[in-house]
Amino acid sequence: MPDYNFPGGITPPDRKERSNQSPLRTATLPISVVLPLKQHSGSAALPVVNIGDTVRVGNLLAQRDGMVSANLHASVSGTVTHISDSTITIEADGQDQWQLLPPLDWRTAANEMLVERLDTCGLTGLGGAGFPTYIKAQVAKHHSIDTLVVNAAECEPYITADDLTLRYYANDVLEGAQLIAKLCGAEQIVVGIEDNKPQAIGALKAALPHYQQPTGITLKVIETRYPSGGERQLIKKLLNRDIPSGGLPGDIGALCHNPGTLLAALYAVRDGKPLVERIVTLTGDAINAPGNYWVRLGTPIKALLAHAGLETKHLHQVIVGGPMMGTPLTTLDAPVTKTTNCLIAATYEELPPAPSETPCIRCGACESVCPVQLLPQQLHWYARAATDDALEKLHLFDCIECDACSFVCPSHIPLVQDYRAAKQRIRLKRIETAKADHAKHRFEFRQARLAREEAEKQARRQARLAQKHQPSSNSPPSGSVTPTADLRSLRIAQTAAKAAVKKAEKVLARAAEQDPHQRHDDLETQLATAQENLKAADARLAEARAAAPKKETP
Amino acid sequence: MSMMRASQLGAAPPTAHLMRWVIVATLPGIGAMTFYFGLGIVSNVLLAALFALAAEALVLKFRRRPLPPALMDSSALLTGVLLGASLPPASPWWLIGTGVIAAVVVAKQLYGGLGHNPFNPAMVGYALLLVSFPTYMTLWSPPQPLIPENLWGKISGTLPGSALDALSGATPLDAFKHKGEAVLASEFWADRPLPEGTLNAWRNVALAWLAGGLLLIGKRIISWHIPVSMLVSMTVLATLFYASAPSHYASPFFHLVTGATLFGAFFIATDPVSAATSRRGKLIFGAGIGVLVMVIRTFGGYPDAVAFAVLLMNLCVPLLDIYTVPRPTGQPKSQQRTGQGESR
């Protein structure tokens, strides 16, 4: 296959050698863990444990709430000591006792079971946005997927977590890819990796011949150029397909997963292991033992960095993620979450603060590196002037926030920071206008819930009645005509309600994947309404069947 | 620990770096001009640069802005150098001063300073001088020794007008423009209308500017789009004219190496602030300048036209910016102005 290209891009210093020289290690077990209820896109999970409960590793702590959400499991064994609105704290007992689910064989298990397993295990994408994997695994419901792309590009400087994952677990990652390919119905798997990871490439090449069944896997080594690991850029590079603006890879028959997610998916299925640990790159000049570590979720970052030999007096700032797209930490008390792929403990000399901003001279350096072919300097102009119409005309929402423009800007303007603020402002405006709709949808939900409760009550009464009547005699002759007609229309109503639920799920899944960092309350409400309606239809149908048991069995 | 924004992985070379490289790239051109036209060129450039810095500092003071960052970015210095390099040798100090005030104070600072000026500052200054003081602006002396006579008198403005006339000659573009309709091009050239070596001097100066321009493109300080499209459109138009009536029109080569063609293409039209931004916009911008230069030179009242052409195309930039927005990856191929953005 020839190599295709995305426009723009930059080659920043990659500084990966700081963390890719040492072997993969396991961080010491934390004394206590703080597990945020929201480590994923969508709504926070709802706690199902109480303070004082004893838990083992893998026990469910919080249940997903709504469709776009994820389960949360204990990452150490011990006692639940604190439950706040946003976190659950566990004091470890040092025993590290595990509770695993029964193993499944992905080759033979039904797809529904596999999806349910991914859901139960609280799997989310480990690359960035933390999108629930079980939703992505059902993409075949509304898109026909031909290619599964394994995104091993890892184009951000500093980060080497995928690199080390592949060096150590190439076999498992490829098997995980086979598992996901089976779920989404892909005909081929393409692994995309930048050429600055020779050892990972070697490991993949060695493993490839053994994992060509049932789906063929090809390896594509691409040139090192940021941001080739962006979903859109990688798919362009590997498959020469453009994801439409506002669209998803599924729209063009592709699905993208990162190696860590595939590994975790395989462990969830094959070993019954919920997502309780991940590989994290610890790097930066302020730590003595940089490298990659298996880290339990919820491990306090301070303890983790101390374990890696943090020199506090040299520390200037800690960045979660890469230096391009990552975020500086405001406090070291934050824990490692499902999406923490890298922690950079940087010294001042290493990542000095940006020089102060000077006026834009419209030099166009930003435009030439933009991988989406936007006009960053024009966007900058309108973002500062808060001219939202112009921003949307210039396709602000196509910006992937890769920061390449800020990187080359001679005026050192924090361009992407401005774009994020502008996007947020425009989103808030849209939410404001959608508020009336949301109120209406909430009202509809309430109506649906009341109707469902009423229907269920009726059904229970009918069931009791039917039970009472059964021994005495047949159903009264007068009721024999109407229930049949009733039954048919009720069945139709139930099918319609089912379809409505499917549709609401699809709309929500799409919206959530497009905008993983936003809340989609309105769509969740609409989905809940549809689900209530379905339950009500089920109850009415059950009631009618109970009323006319003889006439059933078509 | 700082919380604001992720720090720099490596800061890009600042604006001042770009400006200084452009100044460095003017050196071959200025050197060649000095070689042929004497130290009057150096005095122009130095005076203009000095005045430009002074004017910038003064306005910043009035605007209560900090001086060092704006002065250190070298943009005013560059404007001064470019304006100085486009004036006739040994222009009087008051002429230079007037031009610099128009350029730095009016065209740049009154519009909001660096990055906000819709017109090329140096060319605003030049155009103002050309329409206000045509006699002084057309006093191009023929090639002369390094230290010409009356250098000081000219700069200080104490030389009487009659003496000025005696010292000046016509530029090749001037001479050709005023040859008269009846005179055929062949007859004109056979007449040896210019002092010995004039044409040579202009050509070599133009080549020196070209060298500086190529340096800028090589260092990626400027992109190739504007110079190339401007030169191509000029060449095409000049070739058409020349092919239609070689006896009336000058050759394409003549147009390329005389006047401010190459200087303008690489150093004036490429001013990013007042030029179009998208690649397609830049190509149209450059081509528009080329066409206007040819049209004014051939049919207009001025022998050269780079300044006017650049200013006129500056006027078109907002429009070009609106109509040349590139199609971002993933947007539908047909057309983008359909309100796609609102759909989300």
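Here the Cβ of each residue, glycine as well, is placed from N, Cα and C on the backbone.
Note that TrEMBL annotation is computational and uncurated.
In TrEMBL, the [4Fe-4S] cluster 1 site is described by A:C360, A:C363, A:C366, and among A:C256, A:C402, A:C409 the residue recorded at this site is A:C409. For the compositional bias 'Basic and acidic residues' (A:503-523), the residues of the chain that approach it from at least six positions outside its boundaries are 41-43, 67-68, 129-131, 135-136, 138, 141-142, 246-248, 427, 434, 437-438, 441, 529-530, judged by C-beta separation under 8 angstroms. The shortest Cα-Cα distance between A:C363 ([4Fe-4S] cluster 1 binding site) and any of the binding-site residues A:C370, A:C399, A:C402, A:C405 is the one to A:C405. Those binding-site residues from A:C360, A:C399, A:C402, A:C409 lying by chain B, with Cβ under 8 Å from one of its Cβ atoms, are A:C360, A:C409.
The candidate set comprises the binding-site residues A:C366, A:C370, A:C399. Of these, A:C366 has the most other Cβ atoms within 10 Å.
Among the binding-site residues A:C399, A:C402, A:C405, the ones whose Cα sits within 10 Å of the Cα of A:C366 ([4Fe-4S] cluster 1 binding site) are A:C405, in sequence order. For A:C409 ([4Fe-4S] cluster 1 binding site), the Cβ neighbour count at a 10 Å cut-off comes to 27, with all displayed protein chains included. Recorded residues A:C370 ([4Fe-4S] cluster 2 binding site) and A:C360 ([4Fe-4S] cluster 1 binding site) have their alpha carbons 16 Å apart, per Cα-Cα distance.
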